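> Take a look at the following structure, please.
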Amino acid sequence: MLNNLNECEDGDGGPNSQGDATSKESSPFINSSTSDVEKCQQYDGKNMALFEEEMDTSPMVSSLLSSLANYSNLTQGSKEHEEAENNEEARKKTVQAPRMGTIMGVYLPCMQNILGVILFLRMTWLVGIGGVLGTFTIVFMCCSTTMLTAISMSAIATNGVVPAGGSYYMISRSLGPEFGGAVGICFYLGTTFAGAMYILGCIEILLIYIVPAAAIFKMEGLEGAEAEAALLNNMRVYGTIVLSFMALVVFVGVKYVNKLALVFLACVILSILAVYAGVIKTSFDPPDFPVCVLGNRTLASKGFDICAKTIERGNATLTTKLWRAFCDSEFLNATCDEYFTSNNVSQIQGIPGITSGILAENLFSTFMEKNSILEKRGVPAVLDPEATVTNTNRYVMADITSFFTLLVGIYFPSVTGIMAGSNRSGDLQDAQKSIPIGTILAITTTSIIYMSSVILFGACVDGVVLRDKFGEGVDGNLVIGTLAWPSPWVIVFGSFFSTCGAGLQSLTGAPRLLQAIARDGIIPFLRVFGHGKANGEPTWALLLTACICESGILIASLDAVAPILSMFFLMCYMFVNLACALQTLLRTPNWRPRFKFYHWALSLLGMSLCLTLMFLCSWYYAIVAMVIASCIYKYIEFCGAEKEWGDGIRGISLSAARYALMRLEEGPPHTKNWRPQILVLMSLDAEQNVEQPRLLSLTSQLKAGKGLTIVGACVEGTYLNNQPQAQEGDQSLRKLMEVEKVKGFSQVVISSNLRDATSHLIQAGGLGGLRHNTVLVSYPKNWKQAEEHHRCRNFIEVVRETTAARLALLVPKNISAYPSNGERFTEGHIDVWWIVHDGGMLMLLPFLLRQHKVWRKCKIRIFTVAQMDDNSIQMKKDLMTFLYHLRFDAEVEVVEMVRNHDISAYTYEKTLMMEQRSQILKEMHLTKNEREREIQSITDVSRGSIRRKNPSNLHPQRSIAEESVGGGGEEKSEEEVQLIQGKNATPTPTSPTSPTSPTPAAMSPGEEVQMTWTDDTEKPNNPAVANPENIKDMFNMKPEWENLNQSNVRRMHHAQKLNEVIVKKSQEAKLVLLNMPGPPKNRTGEENYMEFLEVLTEGLNRVLLVRGGGREVITIYS
């Protein structure tokens, strides 16, 4: 036993192992095909002889585990390796598995991405405008959203291996390629606009706080819109320069960005520590940052040096720069601004300290209109309400109109960046452990920093300083810098470098995200961005990212760009929560995350918060983001994303389908909900190609993309031997369905004979309540030929089975003449011959056809047949009323069929040939092809003789007007119903009123013909009746006319007379819809049935024979 175990171990994993030496390209787990002898040698000694026949499809466990162990999950762009794997040398190199822990791999990167430009440039302004309570509410809402999203993301990230792609990978594999592509693009756009925001923040710090003199467009002396335009133009110029430089750095190599990442992170941490140190210092030694106030208006400190109107120097009173700013001269008797004269100048402490009690003053919001003056609360001022404000450039003004939802949109980008850890999952030693811990810990830390900052800023800094966005009242200092210790420059330079680093990170991550989307191939026009340099750098994606980022920089306002990227990030987070909730609620067997602290209710709450914040930030940006995502979704769906990732949307579809099918089982559909659910019976040739593709064109025109369509075909043989042919046939059907734009299902059935296969399709097609109620089958072409006789029998069996199953039946004749979906009828008619009521199918079908663009211009005409006892005028009125209630627009005509006892010689000869052919086929058994062709030629000769002798009767529509059908009395009416409905009457003895042969007196002048079955010349005085003896000489087994089945004679007579009327009225119609007679109940009259159909439809180009399913399909009620 031990020896066997040792042999197995040595065979599976030892150096001499050959079981997995080579593998197929399609799968790393499948061995290459080998001969039986090689298989025996290959698995000899491995105790696998029992399974050696299946080793090509079922690998050994050792090979599976070995392949999984060698799986390398590489990071999303931090390693330059993607395309280098194509080189043989690169393949030989051993890739070292990355070994990053929770702190370095997840926690610190998330901290660096979350803490950034908003904290340094806008946090104090948010507290001043929104108040401590309002801002704390905003921060709590946003942090709660990201925490709930992080919980959902942790569940998804720990439910298996997450390769490169991060959040895009998680969403696309959880919600499918359509949602994945749409949200992936939104996340890409959000990351790109984040880069623009960071660059704008960097330029704002540079031009306002570090080197204001570097401004190209000077702002000194400008007021209002001019000053604003100059600032924005400076942002655009310098932003474009910085973007170009950063894009060049990223293009040269991402390794430089990774090396500087720790430096940038250190700047962020030092800046935050400096702020906290400054807050502590204010408790015992507040910094000296005085703010000059005129009345209650805050003055901009750049226009003066001393906060006073005048100063005493010796015994003289001198005016200051502030005086000269508001007066027309420096003298005391100068004319000054009215507000300046009425109010005193005072100086307040900008940072009174944490123990000053200023928190109570900053608790509530102070929203401001654009260009309104920043005022100090609680300070009295003398103001003339009618006086206009002058010298506005001397005051600190509001640059934008502020409101609560604007603050939400500006703040939210400061909590994004929680995906940084999942994006680096390939670099982690244990991603399933590090991602949840690191991400949640980072969000907890940053949330504490943000919430404490709101309270500390409100408790330490005066409201006028907090609302001073650019620090104009504190000598142009960064407001948060005034609070820092030991110097404001710590914050200025720290925030500058942190924004530079964040911008570089965005320009590094966004192109790789786009590259991952492009390489998935779900969005065709993005495939070009999947290519890059030889080392995998996404060059084209970087170029596109820089162009989109430039559009954000051209906006030039950080406050305007922030809500844009908030939309895209919120949409991404919303779908992460949705993915987790769906997977949890659907109880997918593969949903087994290691992270256990999640719940579907938390995910739904996070999704609701994201949706709420989207519309809180900016309802119009939210709508634009949703429209973009919807367009991408529909585009991917339209292009047909050929991806199957086991996503949750498919799970929802399955659950919804199961629920809907169970509901359908509760009962049959109401008449108002009835629509044709079509089973299309197609035929395949020897090459498994579709023989009559126009059947699917007609299906598409009938369905207009709605309802169920099953396209079925049959393959003769056994399942084991003919499965490949069935698969080829199924592919042919699918391709044709795609070409004809038929939405439905294809099904190919294999059986020992085609008749049984067709029966199986009719019986077993569909599922539960979602089954077909209509069968569409083509009229058998060339059914009179011996080699096509089996098609004729199959067709009649289909008619019988659909009748028995109470299914509607549609039989298009001359299907090749039907229009394709690309054709258009600009005029014409669709004629409906309503002979018997079939539940309304004849009325419904033309209405459905006219919904399609092929038949849209055609008008509907409805013909109905009136008997001798009917009031045709009243019938027409009733029919028009009926159509009015049905809301159908159609012309109505009632055709009167006058009864007549006369049966033409043509009818007798047609019936005679029909019965003779049936007798011949029965005796010949359809076995000898030569004799069959001989019989066919005899029949053709006899028909030619009739055509030569009886031209007027051969084409009765040219010479006969509307004539009677049948004799008189109720007995004939029943026989006519038998013709239409297919009740096969038993042969009855010849009645006195049914002549065995027509006499000249009994025939109309147009029906007087000479019949002959020989090639002799005509005798001028021949009677109108042919000699039966001559016929018996011609066909030795042919019965005499008096022995003909009178039921067949009457059927043929009625079919011919009805055909005359239809041809006369509808020969030019684009389509004729006609009631289809029922099939014979016994099998002796099958050929006769086909003859009746042939006569009924003779001379018509496009005919659609219709049989109802035995239920009403239209109703006049709403």
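Cβ atoms here come from the backbone N, Cα and C positions, even for glycine.
So TrEMBL lists the following for this protein:
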- 15-35: compositional bias 'Polar residues' (COMPBIAS)
- 925-935: compositional bias 'Basic and acidic residues' (COMPBIAS)
- 989-998: compositional bias 'Pro residues' (COMPBIAS)
- 106-285: domain 'Amino acid permease/ SLC12A' (DOMAIN)
- 395-679: domain 'Amino acid permease/ SLC12A' (DOMAIN)
- 693-811: domain 'SLC12A transporter C-terminal' (DOMAIN)
- 825-960: domain 'SLC12A transporter C-terminal' (DOMAIN)
- 1040-1118: domain 'SLC12A transporter C-terminal' (DOMAIN)
- 1-39: region 'Disordered' (REGION)
- 925-1007: region 'Disordered' (REGION)
- 101-121: transmembrane segment (TRANSMEM)
- 127-156: transmembrane segment (TRANSMEM)
- 168-190: transmembrane segment (TRANSMEM)
- 196-217: transmembrane segment (TRANSMEM)
- 237-254: transmembrane segment (TRANSMEM)
- 260-279: transmembrane segment (TRANSMEM)
- 400-420: transmembrane segment (TRANSMEM)
- 440-461: transmembrane segment (TRANSMEM)
- 564-585: transmembrane segment (TRANSMEM)
- 597-622: transmembrane segment (TRANSMEM)
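Describe the structural context of these features.
Confidence in the domain 'Amino acid permease/ SLC12A' (106-285), given as mean pLDDT, stands at 87.
Across the domain 'SLC12A transporter C-terminal' (693-811), DSSP assigns 62 helix, 25 strand, 32 coil.
Under 8 Å from some Cβ of the transmembrane segment (101-121) lie the Cβ atoms of residues 197-198, 201-202, 204-205, 261, 264-265, 268-269, 271-272, 410-411, 413-418, 420-421, 424, 427-429, 433-435, 437-439, 441-443, 445-446, 449-450, 453, 478, 480, 491, 494-495, 498-499, 501-502, 505, 558, 562, all in the same chain and six or more residues away from its ends.
Below 8 angstroms of C-beta separation, residues 153, 156-157, 162, 416, 422, 510, 513-514, 516-517, 520, 522-523, 548, 565, 567-569, 571-572, 575-576, 578-580, 582-583, 625, 628-630, 632-633, 636-637, 641, 643, 645-650 of the same chain, each at least six residues beyond the ends of the transmembrane segment (168-190), sit close to that stretch.
Same-chain neighbours of the transmembrane segment (237-254): 77-78, 80, 195-196, 199-200, 202-203, 206-207, 214, 216, 500, 503-504, 507-508, 511, 537, 539, 542, 545-546, 549-550, 553, 556, counting only residues six or more beyond its ends whose CB sits under 8 Å from a CB of the stretch.
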> Could you tell me whether the transmembrane segment (260-279) and the transmembrane segment (440-461) have 3+ CB pairs under 8 A, leaving out pairs under 6 positions apart?
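Output yes: the transmembrane segment (440-461) sits against the transmembrane segment (260-279).
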> Using DSSP, what's the helix, strand and coil tally for the domain 'SLC12A transporter C-terminal' (1040-1118)?
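Summed over the domain 'SLC12A transporter C-terminal' (1040-1118), the classes give 38 helix, 10 strand, 31 coil.
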> Name the range, of those listed as 127-156, 260-279, 400-420, 597-622, that has the largest tally of Cβ pairs under 8 Å with the transmembrane segment (564-585).
597-622
> Between 127-156, 260-279, 597-622, who has the most Cβ pairs under 8 Å to the transmembrane segment (400-420)?
127-156
> State the residues, same chain only, that lie 6 or more residues beyond the ends of the transmembrane segment (597-622) and have a CB under 8 A from a CB inside it; answer 'none' if no residue qualifies.
141-142, 144-145, 148-149, 151-152, 154-155, 404-405, 408-409, 412, 563-564, 566-567, 570-571, 573-574, 577-578, 580-581, 584-585
